[in-house]
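Trainee: The following feature annotations were taken from TrEMBL:
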TRANSMEM  20-40  transmembrane segment
TRANSMEM  60-83  transmembrane segment
TRANSMEM  103-129  transmembrane segment
TRANSMEM  141-158  transmembrane segment
TRANSMEM  170-192  transmembrane segment
TRANSMEM  198-218  transmembrane segment
TRANSMEM  239-264  transmembrane segment
TRANSMEM  284-308  transmembrane segment
TRANSMEM  328-351  transmembrane segment
TRANSMEM  363-385  transmembrane segment
TRANSMEM  397-414  transmembrane segment
TRANSMEM  420-441  transmembrane segment
Amino acid sequence: MENIDEKSLYYLEKAPVSKAIMHMVIPMMLSFIATIIYNITDAYFIGKLNNTAMMASVTLALPFSCVLMAFGHLFGVGSGTFISRLLGEKNIDRAKQVSSINLWSSMIIGVVFMAICLPFLSSILGILGADGETFVHTKNYLLMFVIGSPFVIASISLEEAVRAEGASTASMIGMISGVVINIVLNPIFIFVLHMNVMGSALATVLGNVTSVGWYMYYLQKKSSVQSISIKEFKPSKEIFANILKVGISAFLLDGFMVITSLLYNNYSMIYGDSVVAGFGISQRIIQIIDFISMSFAMGTVPLIAYAYSSQNNKRLMEIIKKTIMYMLGIIITMSVILLALKSQVIGIFSIDPKVIGIGQRILMAQLCSTVFAALSGIFTGIFQAFGTAVQATVMSILRGLIFIPILIIGNMLFAVNGVIWAMTLSEGITAVVGIVLWIGIREKILKHLLVIQEHE
């Protein structure tokens, strides 16, 4: 077994808990902010083409992007949590094998995915709803993404692996470098080279290539506990079982996000453009709160996994308690401020009285949802960190499974109000289930760790 560079694991093992949490969370927040900036600039550049069909093509292709993200999380979240647990056990040799398997498996699945999608591209476009003028533009946009699938998937999985060893700053650099390349190349490809939406997709793919390059450089040259060497690529049933048992929960979560988003869009359209616009505005407003909760839920997973596998009970419980405390404190404060100013905030995005009126009701419901969603997210992250596949998977699929019948029944019984509050109710139920699962597993986990310590 190789020696560990203690400096590389300082934040996972020895840093004061509050300092370690902020070290992991703040870079993730900055990465999400960079992503928001990219989304705004991307929409701006495509919007300057003054072509509604082109703008629609990007929206139609979104579910495909979510599928790539799901595959990236399948390997990335599964490998990342496994790597953090292995580091806690001081098993560096196995951690290097897992990190190598993470990279090359992501690339292989990306190539297979590309080979399957290319011959059936027209059929995929039909499933996405592209027709008429949008068909050609969506095809051009999607073609670049299909070709770039290996790099899009690998960029997501490698980001998780880098963060798994506590290197949150290196993880942030990889994400932001990709965003910067994307923003720089976007106007060049769209306007100078006249590639239109295909140029936007190509810029996104090259941004992912840049991120992959940085992550590979870091893991091979800077990391003392991981490797991407093909020599370390030694797949086994045991390794894949540990990766997939947790990764599948992240994969399913992404899948249900696509389904719930499509259902929300379809049901809101029943009640007209004002409701659709109100949902769109509210989602933009709460996006920053969602990213904050995701930063805490995802950013602290390596800390929890490491403390768990190193049997440091005191540190483990302190990380969980302080993460929940900091996260809820920030989210509740922001939600209260936005609730107090909901009319003014909605008014920034629209002057239509109907949109402002319905938008305030939607914003109130979604702000309530953020608190429950934050709790659901942190409990899902905890279960993933422990490697408890059943609990993690239940949390991942429960929200979607509950949301669908609640939305349908809510629409039947309460019309638009049922649609507005469906997500709040489903998030609330999921959060309660998360608390129950946590109470059920907490004592078992602590007793298990005490037994291990007594036998050492």
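Using the three backbone atoms N, Cα and C, a Cβ is placed for every residue, glycine included.
Keep in mind that this is a model prediction, so the values were computed, not measured.
Show me how these features fit into the shown structure, please.
Mentor: Sequence-distant contacts of the transmembrane segment (60-83), counting only residues of its own chain at least 6 positions beyond either end whose CB sits under 8 Å from a CB of the stretch, comprise 95, 98-99, 101-102, 105-106, 109-110, 113, 124, 128-130, 134, 138, 141-142, 145, 149, 152-161, 163-165, 201, 226, 239, 242-251, 253-255, 257-258, 262, 301-302, 305, 384-385, 387.
Outside the transmembrane segment (198-218), and at least 6 residues removed from its termini, the chain residues within Cβ reach (under 8 Å) are 42, 45-46, 58, 61, 103, 140-145, 147-148, 151-152, 154-155, 158-159, 161-162, 167, 170, 173-175, 177-182, 185-186, 188-190, 228.
Nonlocal intrachain contacts for the transmembrane segment (284-308), taken as residues 6+ away from its ends with a CB within less than 8 angstroms of a stretch CB, comprise 9, 11-13, 20-21, 24-29, 32-33, 36, 80-81, 84-85, 87-88, 163-166, 168, 315-316, 319-320, 323, 326-327, 330-331, 334-335, 338, 345-346, 349, 363, 366-367, 370, 373-374, 377-378, 380-382, 384-387, 445, 449.
Residues 277-278, 281-282, 284-286, 288-289, 292-293, 359-360, 363-364, 367-368, 370-371, 374-375 of the same chain sit 6 or more residues outside the transmembrane segment (328-351) yet have a Cβ under 8 Å from a Cβ within it.
Outside the transmembrane segment (363-385), and at least 6 residues removed from its termini, the chain residues within Cβ reach (under 8 Å) are 77, 81, 84-85, 246, 249-250, 253, 281-283, 285-286, 289-290, 293-294, 296-298, 300-302, 304-305, 308, 320, 323-324, 327-328, 331-332, 335, 338-339, 342, 345-346, 391-392, 395-396, 399, 420-421, 423-424, 427-428, 430-431, 434-435, 437-438, 441.
Remote same-chain residues near the transmembrane segment (420-441) are listed as 260, 264, 361-362, 365-366, 368-369, 372-373, 375-376, 379-380, 382-383, 386, 388, 391, 394-395, 398-399, 402-403, 406-407, 410-411, 414 (criterion: CB distance under 8 Å, separation of at least six residues from the stretch ends).
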Trainee: Examine the transmembrane segment (239-264) against the transmembrane segment (397-414) and state whether at least 3 Cβ pairs sit under 8 A, considering only residue pairs 6 or more apart.
Mentor: yes
